[in-house]
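**Student:** Before we start, here is the structure in question, set down as structure tokens.
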Amino acid sequence: MLATAESLCGEYVWGQYDLLVLPPSFPYGGMENPCLTFVTPTLLAGDRSLADVVIHEISHAWTGNLITNAQWKHFWLNEGFTMFVQRKIEGRMYSEPVRSFSAIGGWKDLADCIHTRGAKDLLTCLIPDLTGVDPDDAFSTVPYEKGHTFLLYLETLVGGPNEFEPFLKAYLDKFKYKSITSDIFKDFLLEYFLDKKKIFDSVDWDAWLHTPGMPPIKPEFDYTLAKECTKLCQQWVEWNPSSPCPFTSEDLTSFSSNQVREWLAQLLERDSLPIIKLEKMEELYRMSSKNNSEIKFRWLRLGLKSHWENCVETALQFVTEQGRMKFVRPIYRDLYAWKEMRPRAISTFRTNKDTMMHVAAYVVAKDLHISE
């Protein structure tokens with residue numbers, strides 16, 4: 001991973017790279033301290049299927065640590081660039097379809113985030129106005145995925161990786177050990193691609209940087225790895241449980257862990273499934289026995305969306321055993337939305353809040369509409 005990152009970004013200047021697995025209450029996937037990355041134990045799936053988070057933290061050695069955003073409102077310069085570099089590394093290590101498949105998942109995460117916050121929420125701008133705003137309230141997937149999408153758009157605009165990757169390396173060299181703003185990035189971009197001025201004249205900078213909601217343009221993704229996920233999703237949606245079951249326990253054997261994750265994500269985008277379908281999935285695929293936290297998270301959300309009481313205890317256990325905000329916030333919100341389970345969600349949170357890190361307890365309390 002590190003060697004691939006160096007081939008893309010230049011020399012790794014920090015000398016040493018170690019990982020420290022923190023206690024389960026750690027609220028983030030990872031934290032990119034120079035030389036020693038902190039990671040959540042929820043990455044320990046047993047099959048290395050969640051190594052993308054490690055790639056992300058390695059990428060921060062350049063985008064975030066070597067070059068840093070000067071103010072919090074320019075946070076996308078850290079996280080958008082890091083998502084972009086992460087997926088570049090994945091493309092080089094595995095394949096371009098893998099890179100695109102990861103970006104498809106990121107686009108879905110962004111859409112879900114903006115749906116939750118509201119398309120007119122000004123904190124969904126790539127450069128939000130944070131005057132008087134607690135940064136913990138502003139934190140979301142927007143700088144990560146909207147930032148990544150913007151850079152992917154710019155890469156396509158200038159002619160693809162062969163044109164954009166030399167720019168990336170020049171950018172990292174030009175501003176190393178400095179803190180910069182979005183305007184400084186933009187000025188350097190336009191200066192570097194001076195011969196492409198007419199192309200950049202077509203960019204709606206205000207729509208990308210200062211307008212809330214989804215990006216103005218959706219990239220053309222490679223759906224090679226998503227097609228089978230979509231096919232299986234559609235088959236489950238269309239199946240009438242009164243007819244013979246067309247599914248077998250072998251349906252997922254050819255899927256990677258990330259494809260199972262995508263299949264569940266697509267099901268979550270549809271109307272809630274009848275409980276009889278969820279019971280059949282559990283019978284055939286043994287979903288509740290999966291060790292991958294990303295799969296478990298989506299499976300639980302699918303059950304909560306259908307008000308399947310069988311998954312409630314597991315969901316409450318899941319938010320009790322670990323404190324990663326990516327997981328606990330949506331699960332708590334889903335439980336809160338289920339009126340009959342709302343008291344149990346609030347009771348569980350109040351029991352566990354003192355074991356959570358402050359930032360996680362703070363935002364979950366807001367999600368549950370309680371003041372602590």
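Yeah, the Cβs are placed from backbone N, Cα and C, and that goes for glycine too.
Automated prediction, rather than curation, is the source of TrEMBL annotations.
Worth saying up front: this structure is predicted, and the values here are computed from it rather than measured.
Not my notes, these are from TrEMBL:
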- E57: active site, proton acceptor (ACT_SITE)
- Y144: active site, proton donor (ACT_SITE)
- H56, H60, E79: Zn(2+) binding site (BINDING)
- 224-368: domain 'Peptidase M1 leukotriene A4 hydrolase/aminopeptidase C-terminal' (DOMAIN)
**Student:** Please give me the recorded positions out of H56, E57, H60, E79 that lie within 10 Å of the residue listed as 'active site, proton donor', comparing Cα atoms only.
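**Tutor:** Qualifying among H56, E57, H60, E79: E79.
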**Student:** With DSSP helix as H/G/I and strand as E/B, how many residues of the domain 'Peptidase M1 leukotriene A4 hydrolase/aminopeptidase C-terminal' (224-368) fall in helix, strand and coil?
**Tutor:** 105 helix, 0 strand, 40 coil
**Student:** Please report the distance from the Cα of E79 (Zn(2+) binding site) to the Cα of E57 (active site, proton acceptor), rounded to the nearest angstrom.
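**Tutor:** Approximately 10 Å lies between the Cα of E79 (Zn(2+) binding site) and that of E57 (active site, proton acceptor).
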**Student:** CB neighbours of Y144 (active site, proton donor) within 10 A?
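**Tutor:** 24, counting other Cβ atoms within 10 Å of Y144 (active site, proton donor).
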**Student:** Please give the average pLDDT for the domain 'Peptidase M1 leukotriene A4 hydrolase/aminopeptidase C-terminal' (224-368) in this predicted model.
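**Tutor:** Averaged over the domain 'Peptidase M1 leukotriene A4 hydrolase/aminopeptidase C-terminal' (224-368), per-residue pLDDT gives 97.
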**Student:** What number of additional C-beta atoms lies within 10 angstroms of the C-beta atom of H60 (Zn(2+) binding site)?
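**Tutor:** Within a 10 Å radius of the Cβ of H60 (Zn(2+) binding site) lie 22 other Cβ atoms.
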**Student:** Return the residues near H56 (Zn(2+) binding site), defined as same-chain residues 6+ apart in sequence whose C-beta is under 8 angstroms from its C-beta, sorted by sequence, else 'none'.
**Tutor:** G29, G30, T82, M83, Q86
**Student:** For the recorded Zn(2+) site formed by H56, H60, E79, which further same-chain residues have Cβ atoms within 8 Å of the site's Cβ center?
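**Tutor:** Filtered neighbour residues, in order: G30, E32, E57, S59, T63, G64, N78, F81, T82, M83, V85, Q86, Y144.
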**Student:** Could you check what DSSP calls H60 (Zn(2+) binding site) once collapsed to helix, strand or coil?
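**Tutor:** SS state of H60 (Zn(2+) binding site) = coil.
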